[in-house]
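Heads up: the structure comes next, in structure tokens.
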Amino acid sequence: MPGMVVFGRRWGIASDDLVFPGSFELFVRVLWWIGALILYIHHRGNFDCNGRILHTYLVGLLVVLGLIILTLSAIVYVSAQGTITNPGPRRSIPVLVYLRALLYIPELVWACLGAVWVSDGKGCDPATVGAVIAAVIASWIILLFTGLGVVFVFDPLGNPRPQQAVMEPLGVREEGTQLFSTARSLATKVWESRLRLLCCCLPQDENYRAAFSSIAQLFSGFFSDTDLVPSDIAAGLALLHQEQDKMERSRDPDIVVALSPSSPTVNLETELEKAAHCMQFAAAAYGWPLFIYSNPFTGPCKLSGDCCRSQAAEYEIVGGDNLGCHFSSILHSTGLQYRDFIYVSFHNQIYEIPFFVALDHKREAVLVAVRGTLSLKDVLTDLSAECEDLPVDGVDCVCGISQAAGYIYKKLVNDGILNQAFSVAPEYKLVITGHSLGAGTASILAILLRNSFPNLQCYAFSPPGGLLSKALADYSKDFVVSVVLGKDLVPRLSIPNMEDLKRRILKIVSNCNKPKYRILLRGCWYELFGGEPDDFPTELQNRREEELSQPLVIHNSSSYQSLGSDDSPVHKATHLPLFPPGRILYITEDGPPRRHCFSQVKYQAEWASEATFMSILISPSMLGDHMPDIVLGALNRLINDKPFSMCTSSLSNS
């Protein structure tokens, strides 16, 4: 539901979010009250050590704790009533919150009184002194965490929503209205301030300021027309995951979708072998962090003899690697020799990411490997999603990552790095590879170099989904192969897909008649232990959204429009659809969705169309499937487990 309004402002927490924190504090307070009662009974009639203060402290503590326990019990009970979009049974929560806030005053006074007694309690029973000290410390700890909690749920944009907005007639939001423009401007400034605070250690030059502004506009625009708190989103994701699993289990396994006309006819096994080989270089580009992560026991020993060694003459081609650990890990990961490397750079700034150029004698290729996201600067490069045009034979590239590709392009061409490489091996072909951010950069770099190197190939592993326009994605299918594993989030991540996810969360949360705490408990159980998906009982299937007592979206917003129908014009035309690059090689687990932790995973591979990735799939593996070591392991498992399963059909759009 919308954020709770108390003390004259909206907070980043809803009235049904107090069940879990209230229950935890209630458990602590009950144990505390029992301990204080035992201490009082033990000293009853025998307060011989500074007895007046101790007696007053214990009696007052029991009374204050009793009142707090009663208030917390009422808060937990009332907060558990109703549903996310039906806060009527919780209308008394603000009054209970005010009462609980008032009880902090006597609690603070008694914490000070306990501190006074402890300071004047020399010669008293050590057990009694220890118990009072523990009570005083517990009081101050709870007060401290309460203050931190207030800061955590404080919403800088917390002015209550104007009520007249709800009464406006249903229609497309007028973006130019003064009210919305002011709110959007304020939200952008708040997000920009958050980014600057988060990135306070980074340089504040023009590039960074432009990135902060672009990312702030993206975030403020995405959340501007909703009135959700984080727990609403978590509940929606839990419901969506179960709904998607339910649909997947009910799908007829005998249905076969015809092979897409755009799917290639090349040998899939050959492409998998090439991809597995290139993935070694894409993973090696991450340097020593991924090498140590993938080899926690042997990695430090292998690198210990190479790092921190004085090799100034030997490492003159390596930039930004002062200790040499990055380059040493690349040597171990790829199996190449030092003489095989033409250029290695670990220089890292926003829009400037590390990469290396090497001679791959096994595949007879000049190989360019681009590193993925590994630093806060890389994250800013990822999130800088303003559209940019890249003229290539009449088609356009739409992606902020193109700036990073332009940086590497200038290095390779203007600095003569590729000329140097092909002067050593003129008969070799050019291969470009990368993972995640490196995959997106490698794809655009391949497009830029296509005219100069018509036979180049690019292998992009887990590339960003919102990368290329439809025309440019089709253009890249002749020389770019994207590899996607399972339910990886990143290849499905684009602004249109995020808008679709927001719409689905709003709809499923609005239609569920369960209280939020039960949704979250069931969601956690389902993620950890599996079981059957919930049956999703609904209470609003025959009601219009304007009948809700507390709307989740501004009624004249595009998100509200999209609740009514998936075919809403506003929903369809909000953002330009973007796609992953090239042909898409899709790897999925072959077997049931739930398996034992130590069971062997089997994979199958197939060519998939971009329509497969037009919707975000909610799963515990949506982040794990993106990790470079997991992708490399899946490719190696496919290659080693011959004969492996190779599907001839394109996956249907889930």
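Including glycine, each Cβ sits where the backbone N, Cα and C put it.
In TrEMBL this protein carries:
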- 368-495: domain 'Fungal lipase-type' (DOMAIN)
- 20-41: transmembrane segment (TRANSMEM)
- 53-77: transmembrane segment (TRANSMEM)
- 97-118: transmembrane segment (TRANSMEM)
- 130-154: transmembrane segment (TRANSMEM)
Intrachain residues whose Cβ lies under 8 Å of the transmembrane segment (20-41), provided they are six or more past its termini: 58-59, 61-62, 65-66, 68-69, 72-73, 75-76, 79, 128, 131-132, 135, 138, 142, 149, 517, 520
Counts by DSSP class (helix H/G/I, strand E/B, coil) across the domain 'Fungal lipase-type' (368-495): 55 helix, 24 strand, 49 coil
Whole-number mean of pLDDT values that fall within the domain 'Fungal lipase-type' (368-495): 87
